[in-house]
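As written in TrEMBL, here are the features:
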DOMAIN    31-212  domain 'Malic enzyme N-terminal'
ACT_SITE  Tyr54  active site, proton donor
BINDING   Arg107, Asn376, Asn420  (S)-malate binding site
ACT_SITE  Lys125  active site, proton acceptor
BINDING   Glu197, Asp198, Asp221  divalent metal cation binding site
DOMAIN    222-489  domain 'Malic enzyme NAD-binding'
Amino acid sequence: MSQELQEKKIMNMLRQYKVPLHIYMAMMDLQERNERLFYKLLIDNVEELLPIVYTPTVGEACQKYGSIFRRPQGLYISLKEKGKILEVLKNWPERNIQVIVVTDGERILGLGDLGCQGMGIPVGKLSLYTALGGLRPSACLPITIDVGTNNKDLLKDEFYIGLRQNRATGQEYAELLEEFMFAVKQNYGEKVLIQFEDFANHNAFELLAKYSNTHLVFNDDIQGTASVVLAGLIAALKLVGGKLSDQKFLFLGAGEAGTGIAELIALEMSKQTKTSIEETRKKIWLVDSKGLIIASRKETLQHFKKPWAHEHEPMRTLLDAVKAIKPTVLIGSSGVGKTFTKQVVEAMASFNKVSHRHDKQILVLIHKPIILALSNPTSQSECTAEEAYTWSEGRAIFASGSPFNPVEYNGKTYVPGQANNAYIFPGLGLGLIISGAIRVKDDMLLAASEALAAQVATENFEKGLIYPPFSNIRKISAHIAANVAAKAYELGLASRLPRPKDLVEYAESCMYNPVYRTYR
């Protein structure tokens, strides 16, 4: 049977399943059984299968991981192996590792602490590194660090696969992570990319700050999300007009994603306007669980929220904040569903409408509010695409973290974009690897955002889309990789010399191709 026919047969079989989790399980079996066919399927049917191997279905898979667990994928490092992590890494059969995605399972998507069952996330992320970014599957290593879980239900679950104890914290945790980071560098060298995934806020920021000057590290929740959202905003400006610095931003959620996105937007504005980042931060406001983040709360704020505490009177609710600040861009990264209510969206639409008096006539300039509901999975989304379009009378430019179907409103079809990190991290990873980069810098993230925004074509804008279709994702990843690699060479952080003449062509030539080899 040819590979094409096998692919057709398996797609027919997968389409018979009614439950997404069953498709996920069938896909995982195929990955174990026939890796090339798995990736061929994923590349050729990316729009259909991405929601299966990644959000939202991967979230449900992690919740039920113990029940559907058949054989381990990836490497588990537990607290019990403290002092022996290098030995454990050496047990992995592949020697030449280029990317590691590691989690401790404490904050899986918007689902909270899933402990050891968070392994579904590194496995899913790395299958996208291969399918979308073209990294060899054998060069990818998923790791879960098991330090226990505070999830009472999992501790009581007879099928739970991890340590049955509360999470280790403080010094014990820091020492384990430090041993892990240095063992990785010792075993795989300076240029292995370590992607932190779904760590809790406090640990995520600390790990990134601690290791970004000594290792090639990247946090997808802080930096990947920020880069993909910034790309969407740069592209959206072609629909709303004006510059990034003309906008006013309001965030619901001030955790890893919220503050990461805010910081990258402030950086890009600072770069464009040649003003200080302290100045550009003033255009960005954040709301957390206690209300608007303002200067009078500074004493009690976590360190990563402090730069966003501006002078203002207290505002308890998001609606009050929206009415007072009158943002042009509303971004949700709270992990809490249904928080962009009808009143919030209507308020956004009402003051993004400006009227001008001209020769005794009133001209109404319709402004389009930009609304991004980024929380995953779909159940945690701040609002649905249908709600955003209906409540804004079809004027919102909307994108979400998890996919939504197109919406019919007043005879017009609106296609919601998906601000999916899968646009950015595979291309970013490929760019770092082909240039032999030794550190990740913010300028590389800006380069990735600008490359992605440049890939949005006119026909996408006509549908109201601010992201290109996923069907071209390998081409998009090659352009992102080239832009990131160019920045690495420019900053003097690239070790692969001489620099290739055509970076896009070079990126494409380095991509893994899953077609069967021909044997005589």
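Placed from the backbone N, Cα and C atoms, the Cβ positions cover glycine too.
Checking the recorded positions (Tyr54, Arg107, Glu197, Asn376, Asn420) against the residue listed as 'active site, proton acceptor' with a 10 Å Cα-Cα cut-off leaves Tyr54, Glu197.
Sequence-distant neighbours of Glu197 (divalent metal cation binding site) (same chain, 6+ apart, CB under 8 A from its CB) are Val101, Val102, Thr103, Ile121, Pro122, Lys125, Asn219, Asp220, Asp221. For the binding-site residues Asp198, Asp221, counting C-beta atoms within 10 A of each C-beta gives the highest total at Asp198. The distance from the Cα of Arg107 ((S)-malate binding site) to the Cα of Asp198 (divalent metal cation binding site) comes to 5 Å. In sequence order, Leu50, Tyr54, Thr55, Val228, Gly401, Pro403, Tyr467, Phe470 constitute the residues six or more apart from Asn420 ((S)-malate binding site) in its chain with CB-CB distances below 8 Å.
Least packed by the Cβ count within 10 Å, out of the recorded positions Arg107, Lys125, is Arg107. Rounded to a whole value, the Cα-Cα separation of Asp198 (divalent metal cation binding site) and Asn376 ((S)-malate binding site) is 12 Å. Within the same chain, residues at least 6 positions away in sequence whose Cβ sits under 8 Å from that of Asn376 ((S)-malate binding site) are Thr55, Pro56, Gly59, Leu109, Gly110, Gly401, Ser402.
Per-residue pLDDT, averaged along the domain 'Malic enzyme N-terminal' (31-212), amounts to 96 for this model. Sitting within 8 Å of the Cβ centre of Glu197, Asp198, Asp221, and not among those site residues for divalent metal cation, are the Cβ atoms of Thr103, Arg107, Ile108, Ile121, Phe196, Phe199, Ala204, Asn219, Asp220, Glu256. Here the Cβ of Tyr54 (active site, proton donor) has 25 other Cβ atoms within 10 Å, regardless of which shown protein chain they belong to.
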